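Undergrad: Sharing the feature lines straight out of Swiss-Prot:
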BINDING   Gln85, Gly103, Glu104, Gly105, Lys106, Thr107, Asp492  ATP binding site
REGION    870-916  region 'Disordered'
COMPBIAS  882-894  compositional bias 'Pro residues'
REGION    935-987  region 'Disordered'
COMPBIAS  936-945  compositional bias 'Low complexity'
BINDING   Cys964, Cys966, Cys975, His976  Zn(2+) binding site
COMPBIAS  975-987  compositional bias 'Basic and acidic residues'
Amino acid sequence: MVLDKILRAGEGRILRKLKAIAEQVNLIEDDFTGLSDGELRGMTDEFRQRVAEGKESLDDLLPEAFAAVREAARRTLGQRHFDVQIMGGAALHLGNIAEMKTGEGKTLVSTLPAYLNALAGKGVHIVTVNDYLAQRDAENMGRVHRFLGLTVGVIHPQMPPPVRRAQYACDITYGTNNEFGFDYLRDNMAWSADELVQRGHNFAVVDEVDSILIDEARTPLIISGPADNPTRWYTEFARIAPLLERDVDYEVEEGKRTVAITESGVEKVEDQLGIENLYESVNTPLVGYLNNSLKAKELYKRDKDYIVTDGEVLIVDEFTGRVLHGRRYSEGMHQAIEAKEKVEIKQENQTLATITLQNYFRLYDKLSGMTGTAMTEAAEFHQIYALGVVPIPTNKPMIRNDQPDVVYKTEIAKFDAVVEDIAERHEKGQPVLVGTTSVEKSEYLSKQLTKRGVPHEVLNAKHHEREATIIAEAGRKGAVTVATNMAGRGTDIMLGGNPEFIAQAELRQRGLSPIETPEDYEAAWQEALEKARQSVKTEHEDVVEAGGLYVLGTERHESRRIDNQLRGRAGRQGDHGESRFYLSLGDDLMRLFNAAAVEGIMDRLNIPEDVPIESKIVTRAIRSAQTQVEGQNFEIRKNVLKYDEVMNKQRTVIYEERRKVLDGADLHEQVRHFVDDTVEGYVRGATADGYPEEWDLDTLWTALGQLYPVGVEAPDTDDRDGLTTDHLLEDVQADAQEAYDRRELDLGEGADGEPIMRELERRVVLAVLDRKWREHLYEMDYLQEGIGLRAMGQRDPLVEYQREGFDMFQTMMEGIKEESVRLLFNVEVQIAGQETEAAPAENVAVAPAPPAGAAALPAAVAPLALPDAAEDDRAAARRTPPEVPAAPAPPAAPPVFVKGLEPRRPTGGLRYTAPSVDGGAGPVTILDSGAESPVAGGAARAARGPAGGSAAGASARPARNAPCPCGSGRKYKRCHGDPARRNAEAE
């Protein structure tokens, strides 16, 4: 590929630059070695001051900062950064992806750019693939940063907002891509500034960047709330699906993960349901249930794509083999699988906020990443993220022996050969790591090894609890570890055992922690580490003599990167190692991409099933199949980004407006423009056609009366001579502005002397904006679902989506203005300690008001209903690590409660949808387990408007345009609803 060649053309130049930086660091290393601990720590303050004064940039400080980190790591971890690690750190600081092979110390490399960029005081995010690695790296690498005087935070899924905010206030924050992304979305659902947790997007170092930005990029992050209850149709179609015959009643394309019903199938479904036409408009929703039930039957396999535990369907990550606890497929797919497995069917969801990982990480001012396998995707990194890929040389030459693939005719013959190979290696003491592609196959191989009498460990989605321990011991003499793809990343496999892991385990047993007891931990670390090194030294030599770690792959993955990750477990840091893949013509990759030609050759040559072949034809077929799948997946990711770019522009506008409101911007002038624009829309719409005497001004005045208390009379038909739209508009706009001024005077001022109207404007605009945005997300989802059909009309679906999406966005913005104006004029307001004011009001539902002094939230955005949640938050805040500074909270809002906009406790929690599985099936959802989340669901209820609640003080008063209950025949607003009349009667 031409682009690949162009991208690699500058490798030599950048490597020479990085090598020169490493040499600069080496030249000043002795200067830092001679410093005391206090003097070394004091360098951080000096660096910060030099940056703050603007005398030097971070680039200027790089050699000194890197030298300081190298020395701190030597004193705390007993590890000195190699020159190639210095080069990797510099590549990251310059905004590149550093490709560093397994075992080259990528985690240690991250300390260099993290420290340097933290000196600017804007925060640094270290992004990992799972919570275990985030916690581990925050503890271990955090020792270096804390030694140098920086604060280190870590984000956990169940962390309450006050603690979460404090973690983000640290100089360096560790967490997963999902947590960072969800916090961004939650911040843009917050109702007040003191709920915000993030403080911007300055610099991010993404560990395993290919996994996060490539593998997981097809599926967006989604926060959703409960929608409609599950229907009987899931169960009904789960009953019908087994009655339909594959290739007769429906067709399946496994490569594209699609199903298509045939005419025969349609007839059978119609007979089973007792309907005449499945495709009548009234039956349209049934087609979705049918497709999902067929996908659940054919494309989602138990113990491969998911497992069933305790009556719950749990998704298994395709790339790592881990169980994705709490996550669910969306678009009804998970419910279809639940119906198939005859377990409880849970609720569907409605989107509240969403963003793709591509667009989230493009928010950062500077982005970088690390991985062992990036060059195969260099073009994609460049096109989508504007990131260069820099291959960093290994510290020691790679001496791993990569054996050619062997191919068997059947899967049974392949596994028989695998068992024999493992048994031979185990007998001579060579450790073996076996990679499988599914839980089902790992358990099958485990049974075969047990029959053969080979002791082994199994690491898959059902046995993930001991993952770190199993992998850390996978390099010991004679160890056999059968693992799904989850073994590809995380803990290092060292020959003879991992001394650091052993030392950490010993200190944990002694009750020592680098966070809770840092001084005692540091004092005991070196002794524990040296003891562990001595214990594994002899065993290391025995394993090297046996040939090092042997990596055996039982199947090729559709991505070359996943295969390379498995191979990369062997041969780290110049160790001996060997790798080989055993394949069969029944493997998924071969089966999906035409292995019939190879099978025909083997049949013609009468090759026995237990005799392998090594053929260039097979090698080319595998490479071609993998390239084809990678190309398809790249196109899917590009397509996702193109469509999300439309939403991204709209999301940026909405979120910027929200942030202005939360930051306390004065909305008064903006709301006045809302009033003028809304009135103009009403007037011009009513006067667009015909002569003035033909205008239906009665209807116009009725509409205006529902918007605000109109103070001018509509011109009679006889008085319209010379009347123009502009003249009429000028009169009505002036009247509306006067009414708005009166409304502000009626509300008065708060305890702080500010007009109550300012706080009301903020709350109403925020509530309306959120509700309209949620409705817009639903409509955009609906638009995108069917937009592909435009291609049948010779129209570009993307162009149509962009055009109609823009029109819908404009309509939404006009709707925000109109509804905000209507509510500002008509909603009831209660001031803490006062009676409800008697301004004209719509008959809105009133929820119980929160206690005085509490921040009022919109109906659709309220705290989760948790027992003693406030006390939990306070307790969690008290548990904040001592070195983490408490983030200042903005001042509380005035105690103003807007009736109809008060908080309501949702009946169900939020759901967080994140990537990690095959995007062809739709996203998966993380169920909120009741975490102290800063926001909550209930969007489906909000979209339907205020519901229920106590109507005291509101329902007793008729709507303004309803007939007056006195029987006069006049509208309420012109009779007993007239403020002037009420005041006169009161006198």
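Using the three backbone atoms N, Cα and C, a Cβ is placed for every residue, glycine included.
Buried or exposed, and what's around them? Tell me for each listed feature.
TA: Long-range neighbours of Gln85 (ATP binding site) (same chain, six or more residues apart, CB within less than 8 Å of its CB): Glu104, Gly105, Leu108, Val109, Leu112, Asn395. A helical conformation is recorded for Gln85 (ATP binding site) in the three-state DSSP classification.
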Undergrad: Using a 10 Å radius around each Cβ and counting other Cβ atoms from all shown chains, which of the binding-site residues Gly105, Lys106 yields the largest count?
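TA: Its Cβ has the most other Cβ atoms within 10 Å: Lys106.
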Undergrad: Which residues, in sequence order, are found in the same chain with Cβ within 8 Å of the centroid defined by the Cβ atoms of Gln85, Gly103, Glu104, Gly105, Lys106, Thr107, Asp492 at the ATP site, excluding those residues themselves?
TA: Met100, Thr102, Leu108, Val109
Undergrad: Given that the record lists Gln85, Gly103, Glu104, Gly105, Lys106, Thr107, Asp492 as binding ATP, what is the largest C-alpha to C-alpha distance among them, in Å?
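TA: The two farthest binding residues have Cα atoms 16 Å apart.
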Undergrad: Taking every protein chain in this structure into account, which of the binding-site residues Glu104, Asp492 has the most other Cβ atoms within 10 Å of its Cβ?
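TA: Answer by Cβ density within 10 Å: Glu104.
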Undergrad: Sequence gap of 6 or more, C-beta under 8 Å: which same-chain residues meet both conditions with respect to Gly103 (ATP binding site)?
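TA: Spatial neighbours, sequence-distant, of Gly103 (ATP binding site): Asp492, Gly568, Gly571, Arg572, Gln573, Asp575.
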Undergrad: Counting every protein chain present, what is the number of Cβ atoms, excluding its own, within 10 Å of the Cβ of Thr107 (ATP binding site)?
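TA: There are 17 such Cβ atoms around Thr107 (ATP binding site).
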